[in-house]
């Protein structure tokens, strides 16, 4: 067997997972994390088929049952691949795979038993061992051998038994399964969602071309791999295969699109990273210093959530720290190791790539990347280029306007992964498959997919530049409170794009890929709709003409004015109109895909000599066929005779059965017939018909070439179209934020200050809880007052479930909304600009990293203390609860004391169930202040514990009782247990109170002797916990 190639273990991993009892079915979306090591090219695949036995599912469909279209093959589509279907032969059971008594034989002595198609498969497979191959055979796609076993299991389709391995000859054919070609897209996505790489091999010649041009007229059809896909690189390409009438807009592809990562960890702390998103063309790079726990890497993985990761380093394997972190974030990601090479290799390859792609069109970009980016970014870049070449996507790096830095400290802040998760920015943590209850769920009212993607970026990276924040806020005010005909018309255009499910951003990048590599990633209809959307928008802007400037006098937002001004300038150009004039939109209404191709171009504006030449040849042949028809009319004495078409067979002469048929020349060929008539072609018609088919097929080829040339023209104007998309996306995001303040009542524009850290809000509300509540009127609002000058640290106590966590999350969410440029739920607000927001909240452990709850708690605190600034907002929830009470109090006190005395002086909200920490208010008056969540205690008889009514309002003071027994009651703990606990709690409290004088004297002695401050704090906690 051939040596292992890139990614090969992704297939062997599937068999391994089967033998280790991982069961896959049609509802599975991924399998466990897969590490692919490319350093050992000689290692062979170990698929462990001995442990895998295919068991047909009762619901599995046979290959013929799947072909619901029941299309009937014409002679034009016949093939001579020698791949017989088991029609009359009784199929063997799956057990026959293992029970066959035939002995394995050598390849050389048995290769003659393979059909021509199977030999072709073996040749393809030997050079593509890392892929599942789907091979086109007529109107079907077939999987053979190991590929068939995997495909049949995932797709729940029948497996026809046979040989599994390439060098196995126990049976007279390979095991196989098949799917109809018009269902390829659907089945392909299911395979890709299992983390597999799939190659699609198509027939590259037709019967007509083969019969005239081919040197081997009776041999095998030529096939080649026309597309290779993974989950991140597939963009609905194969929707073009099969049924031309399929409604592409009715099939929802992943709207956001997966990222592909490359990380250079050659230097353990100085890490370089590039992430590309094929569906949009986004390229995100970053360099950062990281620690052993890979906190910075985790943040980037959480934000971008890649499905494929390449890791470069100087070792023979990926570092344990990186592997652990990747598996924590996503244990289903495919991971590929790349050994680091000499830097000169990367430099030379970058130069070579840009000098050769598109005939040197982008040769200057090599110098640009080498001068602008450090070595560890250059290495990531070239490894991604090499990786993407197989998918024909590496020209993504030719669009430098799509390149951005992940952490741009001058314009935005990056929320740490712990903050993103704690605040549920993008995902509801109780239901990871839903975003309901997340910040994106609240703010996302975008009309288009491109607007949706941009809004996600806005939310993930709040602004730290006051001018940019104010521009967005003013834009929302203009859109919310002022009616404008121009703005209303532009809104309607976005609505049309959204309702039609047209993804301008995705389709434009597909044009770019296709123009360079001559791919079929985008259909003619998609191209037309793309241009038509641009034309409608620019034409609408033109219709306003000169009065546009007067209309925009009511707009005060510099951001909106820039958007409209740039769109007006772009509307003056005739680029879109010229491109639309070259095509005929009426052709797209034709249900026949080939007719669409032939009629697509308006040859008056798009002059292609090859198309014109083939059309002329076709016209000549059709004229000769008409001449032949005249001669046949004379011969048969039927002046009204015409050619007919039957079962897709054209140019047939229909004759009644009987004497008329008997009188025909013997060299006439019968094509088909019925009981009453027979249909023939004369030798001359047969000859001309073959010529006509040949020229028609050549015309289709030339139309495809012309279409690629047309895509190249569009791609030459990529930046023009990209500017339109960027402006429309920004406008869509502003409309979305405007909708938030319109749909929800009592939202206010925050006053942004940059000279001091402050959060002052009157009657503020948690925007998520407010929208999830059934009765809005019952929601309790709270004031927020925290600033650098006064009450910089809030120490918050109160009963369990009293609303402490909800309150501090509310503070963080409102700050983020303000810095996004959104209105916020309150009467009025003044907010400073924060460059970082750190949150340590919740109890969780990490088995993968052998880390306990307390270890994670301390690691996150350590990260916060190291990275905070004087412009940070810090929220700490119940620090110290992951360990014993004594150590927990000491840790909580020390951390809080450090945050108060630290010269960087961040604003801090500190939730605790250790009421003894309230002493810090006396120690640091005006800096630290005690607050608690309001409640009302309802006393009962001495035998029962008091009930608590939560008021959910923040009030001054400290609370010593957490009222945990009330939570136990809500959880359904039996009353007898709760009453017993209350009795015990009362006894302990009475014992402590009776011992108070002795404890006080001991504490004073301890202080006089200057013992450890921790002794003091522990004594205070134990004595005051029940006395306060």
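Heads up, the Cβ atoms here are built off N, Cα and C, so glycines get one too.
According to Swiss-Prot, the ATP binding site annotation covers 798, 799, 800, 801, 802, 803, 804, 805. When other Cβ atoms within 10 Å of the Cβ of residue 800 (ATP binding site) are tallied across all protein chains shown, the result is 17.
The compositional bias 'Low complexity' annotation in Swiss-Prot covers 10-23.
Taken from Swiss-Prot, the feature compositional bias 'Basic and acidic residues' applies to 41-56 (among others).
Under the heading compositional bias 'Basic and acidic residues', Swiss-Prot lists 67-88 (among others).
Among the features that Swiss-Prot reports, compositional bias 'Polar residues' is placed at 93-113.
Annotation source Swiss-Prot lists region 'Disordered' at 1-114.
The annotation region 'Mispair-binding domain' is assigned in Swiss-Prot to 109-232.
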Which residue, out of the binding-site residues 803, 804, 805, shows the minimum number of other Cβ atoms inside 10 Å of its Cβ in this structure?
805
Hey, of the binding-site residues listed (798, 799, 802), which one tops the CB count within 10 A?
798
Confidence summary (mean pLDDT) of the region 'Mispair-binding domain' (109-232)
87
For the ATP site given as 798, 799, 800, 801, 802, 803, 804, 805, which other residues of the same chain have their Cβ within 8 Å of the site's Cβ centre?
933, 950
